[in-house]
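K.L.:
Please see the structure below; I have some questions.
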Amino acid sequence: MQKYLKEARSLLALGIPVIIAQFSQTAMGVVDTVMAGSVSATDMSAVAVGTSIWLPVILFGYGLLLALTPIIAQMNGSGRRNLIASQTQQGFWLAIFLSIIIIAILYNSKFLIDRQHNIDPILAEKAVGFIHAIMWGAPGYLFYQVLRNQCEGLSKTKPGMVISFLGLLINIPINYIFIYGKFGAPALGGVGCGVATASVYWVMFLLMRWYVKRASSQRDIRPKHRFAAPEWHILKRISALGLPIAMAVFFEITLFAIVALLISPLGVTAVAGHQIAQNFSSLMFMFPISLAAATTIRVGYNLGKKSIENARISAYTGIMVGLVFACLTATFSIILREPIALMYNDNPEVITMASHLMLFAALYQLSDAIQVVGAGVLRGYKDTRSIFYITFIAFWILGLPSGYILGLTDYIVPAMGPQGFWIGFIIGLTASAVMIFARISWTQKQPDEVILQHSTH
């Protein structure tokens, strides 16, 4: 028991800074929406539409680069710190390639937006302007993630916390300048949010680079050459590990986007209630996703030290701590569901709908904690392909079809509307949690030499 309590303290020491960093980055999006809304409803809607296209694309790149964390954590644990700099250099090359692809996709976003029926032309123009502004921040964001993953792989999570919080603070005045046209800048409205966010991402990268170059804990991690050509075998290994993570992230984001579209014909009350429940759930999601990052670091580090037993302790401690947090956030969601809904909207019908859906959201958080932290465990073991297959089956084969059948058809019960889709979420996430937990158990039953060979490959 003492081992698990000690591990829980180590996990929380790593995880709490990640939680603050995640909340800071999420808050940047909230600030953009609120400040754009102060100009006009059209500007706020343009930011929302633009963000719905920007997020899946950029988070795909984020997911791909997440592979660096377990790679670096295991090198750190095994005493091979001399190899870390080359992994980071190749991470930058991967970020460059990703940035080119992302900018090319986002540059052509006008075609996607114009395909939406009955969209207001001014709204479409502003949304495209927002995307064309924020896309130039993609390289800065991805470069920042490369260095953040290096730090987190070395069990240094506080730099990401501090710099993300500074990014949030810097975002507000830059938004003010470009939205309202202050200090000689043009008044860009919602498009100014894109300019500000892109600028902040570059500032965050430069701050993280400054830290990494001066941190005493990383003085021994220096590249042999200031410029290193792409090493295709390293890039291939990072991509092979990161692509399943990126696809899993993409599956989850697009699932929620498609459900929002399927609910949209059910009326304003249904859409607003669903949006409130989903938005609040996404805030609560910061807890398990941050603990998952900490668990990946601890599992990877212990495997690097060839300590199979400590890696197992890290894995189960991470899942248990995640469940404790989920029980707390679920209880909070149930008890305060009406006041929470009132923070978003004062329409009685919307509040009733949102409050009802928050009950489903509370159940959802328990399964979500297991599957998210469990995925972090599997990343630590470098078993990312299974995450890809499990999330695809759970979300797209089980969750979405069951939600559609319950929400919009009379095949099993009379059409339940948004509630049916939330039951679908619970089915999908529970299936994912069961399959991921089973995969962890199977992995840990393998012979020690097989686990170490796979995890250090």
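Backbone N, Cα and C define each Cβ position, glycine as well.
What Swiss-Prot shows for this protein is this:
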{"type": "TRANSMEM", "residues": "11-31", "note": "transmembrane segment"}
{"type": "TRANSMEM", "residues": "53-73", "note": "transmembrane segment"}
{"type": "TRANSMEM", "residues": "93-113", "note": "transmembrane segment"}
{"type": "TRANSMEM", "residues": "127-147", "note": "transmembrane segment"}
{"type": "TRANSMEM", "residues": "160-180", "note": "transmembrane segment"}
{"type": "TRANSMEM", "residues": "188-208", "note": "transmembrane segment"}
{"type": "TRANSMEM", "residues": "243-263", "note": "transmembrane segment"}
{"type": "TRANSMEM", "residues": "280-300", "note": "transmembrane segment"}
{"type": "TRANSMEM", "residues": "316-336", "note": "transmembrane segment"}
{"type": "TRANSMEM", "residues": "357-377", "note": "transmembrane segment"}
{"type": "TRANSMEM", "residues": "387-407", "note": "transmembrane segment"}
{"type": "TRANSMEM", "residues": "418-438", "note": "transmembrane segment"}
K.L.:
Let me check one thing: do the transmembrane segment (418-438) and the transmembrane segment (280-300) come into contact, meaning three or more Cβ pairs under 8 Å with sequence separation of at least 6?
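P.N.:
Contact criterion not met.
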K.L.:
For the transmembrane segment (160-180), I need the partner stretch with the highest count of C-beta pairs below 8 angstroms, choosing only from 11-31, 357-377, 387-407.
P.N.:
11-31
K.L.:
Taking pairs 6 or more apart in sequence, does the count of Cβ pairs under 8 Å between the transmembrane segment (280-300) and the transmembrane segment (188-208) hit 3 or more?
P.N.:
no
K.L.:
Please give the sequence-distant neighbours of the transmembrane segment (11-31): residues at least 6 beyond its ends with Cβ less than 8 Å from one of its Cβ atoms.
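P.N.:
Residues packing against the transmembrane segment (11-31) from afar: 51, 152, 155, 157-158, 160-161, 163-165, 167-168, 171-172, 175, 197, 200, 282-283, 286-287, 289-291, 293-295, 297-298, 314, 317-318, 321.
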K.L.:
Checking distant contacts: for the transmembrane segment (127-147), what same-chain residues at least six beyond its ends satisfy Cβ-Cβ under 8 A?
P.N.:
45-47, 49-51, 53-54, 58, 61-62, 65, 68, 88, 91-92, 94-96, 98-99, 102-103, 106-107, 109-110, 113, 163, 188, 190-195, 197-205, 208-209, 212
K.L.:
Given a Cβ distance threshold of under 8 angstroms, which distant residues of the chain, six or more beyond its ends, lie next to the transmembrane segment (53-73)?
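P.N.:
Apart from its flanks, the transmembrane segment (53-73) reaches 84, 87-88, 91, 94-95, 98-99, 102, 105-106, 109, 112-113, 127, 131, 134-135, 138, 141-142, 145-146, 149-150, 152-155, 237-239, 241-243, 245-250, 253-254, 257, 293, 296-301, 304, 379-380, 382, 384.
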